[in-house]
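Noted in TrEMBL for the protein shown:
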{"type": "DOMAIN", "residues": "75-324", "note": "domain 'G-protein coupled receptors family 1 profile'"}
{"type": "TRANSMEM", "residues": "61-84", "note": "transmembrane segment"}
{"type": "TRANSMEM", "residues": "96-116", "note": "transmembrane segment"}
{"type": "TRANSMEM", "residues": "136-154", "note": "transmembrane segment"}
{"type": "TRANSMEM", "residues": "175-198", "note": "transmembrane segment"}
{"type": "TRANSMEM", "residues": "236-259", "note": "transmembrane segment"}
{"type": "TRANSMEM", "residues": "271-294", "note": "transmembrane segment"}
{"type": "TRANSMEM", "residues": "306-326", "note": "transmembrane segment"}
Amino acid sequence: TPFLLQREPLSLPGCLLVLHEPLPGSFFQCGLEDMGSGNGTAVTEFVLLGFSGFGSLRGPLFWGVLCIYLVTLLGNSLILLLTLADPALRSPMYFFLRHFSTVEILYTTTIVPRMLADLLASCPTISPASCFTQLYFYALFGIAECCLLTAMAYDRYAAICRPLHYTTLMNQEACVSMVGASYLMGIITGTTHSLFIFTLPFRGANTIHHFLCDILPVLRLASASTFWGEVGNLTLTIAFILTPFLLIVASYACILATLLGVTTSQGRQKVFSTCSSHLFVVLLFFGTGTVTYMRPWAGSSQDMDQILALFYTVVTPVFNPFVYTLRNKEVTGAMRRLVKRYLWSP
């Protein structure tokens, strides 16, 4: 396949493209013109390459992502409705689940509508202000999810390992404080990332090899030293991703120790059933996130990075409603009561 060198700014219809890396010539079938050097020109818009090189697969991808997004919205909205409407779902676990579903909706909405529009566009561009906003909320809601999963793990630890003190440990004030801290951690992370990155100068290269304004793809385009941006990214990763994960592991280590101390198989099954849904969501969330962002060869294949990021940001959130509705008897019972009350009532 012929390759176009990246030294020159290129134009698509209505689109200025300045590349750091070569791209297959087949991507530029709409016609290219050499516009001269632009290495010193301040960037006024970014080009989100995303899945532009997927050709005829963009149509099926658009409809697939749209269907998954609608299911995610409907499923998490159902959980919101059930936890608000049914008195049986007023425990701390469902209080956390309500906020987790809210964050899932906001998280996917930060990414998917823009992605859908870009899949239909001949040249998907985004202004620096819009890129800043997307990166900010992407980091905010992603970290809030990590912290909410940690709060839910602590709730399961208190219920299983310290049942006599559960009502004291998980009182309303404690629950509200943990949820507030989760959002605060997200705000700190989003603000810090955005300030570290968007106070850097961006000149010349304006092509983001991604379907969203993720931290590292944007950081690579900066025309100044990115040392402090990378240090900030590492620090926040350790503080707000690795630390919550370790707390979740510690909670489940205590739960496992308690589980091994239960003598009857019925008792063990009861203990496991109280945390199986949350454990599945934790493994899915942190497992896909680790593969996407922390694998040793991350960045070696941009197409693979995008496919993994697509699964992490679009596909993973759709599992949350299914896990908590199909595997949870209390939620399925609340669904039946809701249907009976509003649809089958005389």
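Any Cβ shown, glycine's included, is placed from N, Cα and C.
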Per the Cβ under 8 Å criterion, with at least 6 residues separating them from its ends, the transmembrane segment (96-116) contacts 50, 62, 65-66, 69, 72-73, 76-77, 79-80, 83-84, 126, 134, 137-138, 141-142, 144-145, 148-149, 151-152, 155, 175, 178-179, 182, 211-212, 313-314, 317, 320-321, 324
Contacting positions for the transmembrane segment (61-84) when only residues 6+ beyond its ends and CB under 8 Å are counted
51, 54, 90, 94-95, 97-98, 101-102, 104-105, 108-109, 112-113, 115-116, 119-120, 310, 314-315, 317-318, 320-322, 324-325, 331, 334-335, 338
Does the transmembrane segment (306-326) come close to the transmembrane segment (136-154), meaning at least 3 CB pairs under 8 Å for residues 6 or more apart?
no
Within the same chain, the residues 6 or more beyond the ends of the transmembrane segment (271-294) and with Cβ under 8 Å of it are 93, 145-146, 149, 152-153, 156, 159-160, 241, 245, 248, 252, 255, 258-259, 262, 305, 308-309, 311-312, 316, 319-320, 323-324, 327-328
